[in-house]
Amino acid sequence: MFSMVEGLQVYGQQTIQAAKYIGQGFMVTLDHMNRLPMTVQYPYEKLIPSERFRGRIHFEFDKCIACEVCVRVCPINLPVVDWEFEKNIRKKQLTSYSIDFGVCIFCGNCVEYCPTNCLSMTEEYELSTYDRHELNHDQIALGRLPLSVVEDSTIRVISGLTKLPKGTMDGHSASKNVTNFLH
């Protein structure tokens with residue numbers, strides 16, 4: 001008889017424990033239901049990239065002194081810099097400059113260490129093509145300024161989702177309070 005009462009007591013404790021776990025899961029679900037969706041309908045809606053976003057590299061041919069610092073600091077020696085030495089002015093003359101974005105890891109070292117600031121990162125991230133050879137940009141393609149997301153009239157810009165609301169990185173803080181209450 002005593003073992004039967006003890007069994008019912010264990011069963012009751014397990015039932016209460018299961019109800020706690022179900023309540024915790026339900027509170028997490030309710031917490032997520034109150035949040036705004038994080039996805040956008042991509043071709044028609046776009047998020048504005050942050051100021052530190054590392055997009056396609058922009059190159060200014062006139063500022064480049066062909067020092068090749070960008071090649072030396074690149075982890076994969078990616079930029080191809082061709083130059084000729086002009087004897088009459090005793091300087092290097094840049095003849096061509098290219099970057100293959102199919103290989104580039106967008107680390108930004110070339111931009112950071114360029115002594116003349118002829119390289120900069122843009123907010124352009126739409127680089128997909130059907131042919132990988134089209135990702136090899138020469139100085140003409142690199143010099144083209146991208147159309148800003150804000151200036152494009154064919155899409156709806158969503159600026160409210162560029163930064164997460166305060167407290168979203170805390171995880172399920174509301175559900176933790178509920179679980180502490182249930183304990």
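Along the chain as shown, residues are numbered 1 onward.
Keep in mind that glycine also has a Cβ here, set from the backbone N, Cα and C atoms.
In Swiss-Prot this protein carries:
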- CYS64, CYS67, CYS70, CYS114: [4Fe-4S] cluster 1 binding site (BINDING)
- CYS74, CYS104, CYS107, CYS110: [4Fe-4S] cluster 2 binding site (BINDING)
- 55-84: domain '4Fe-4S ferredoxin-type 1' (DOMAIN)
- 95-124: domain '4Fe-4S ferredoxin-type 2' (DOMAIN)
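Sorting the binding-site residues CYS74, CYS107 by the number of other Cβ atoms within 10 Å puts CYS74 first.
Residues 49, 91-101, 103-107, 109-125, 127, 137, 139, 142-143, 145-146 of the same chain lie 6+ residues outside the domain '4Fe-4S ferredoxin-type 1' (55-84) yet bring a C-beta within less than 8 angstroms of a C-beta in it.
Taking Cα separation as the measure, CYS70 ([4Fe-4S] cluster 1 binding site) is nearest to CYS110 of the binding-site residues CYS104, CYS107, CYS110. Each of the binding-site residues CYS70, CYS114 was scored by how many other Cβ atoms lie within 10 Å of its Cβ, and the smallest score goes to CYS114. Each residue of the domain '4Fe-4S ferredoxin-type 2' (95-124) gets a DSSP state, and the totals for helix, strand and coil are 5 helix, 9 strand, 16 coil. The 10 Å shell around the Cβ of CYS104 ([4Fe-4S] cluster 2 binding site) contains 19 further Cβ atoms across the protein chains shown.
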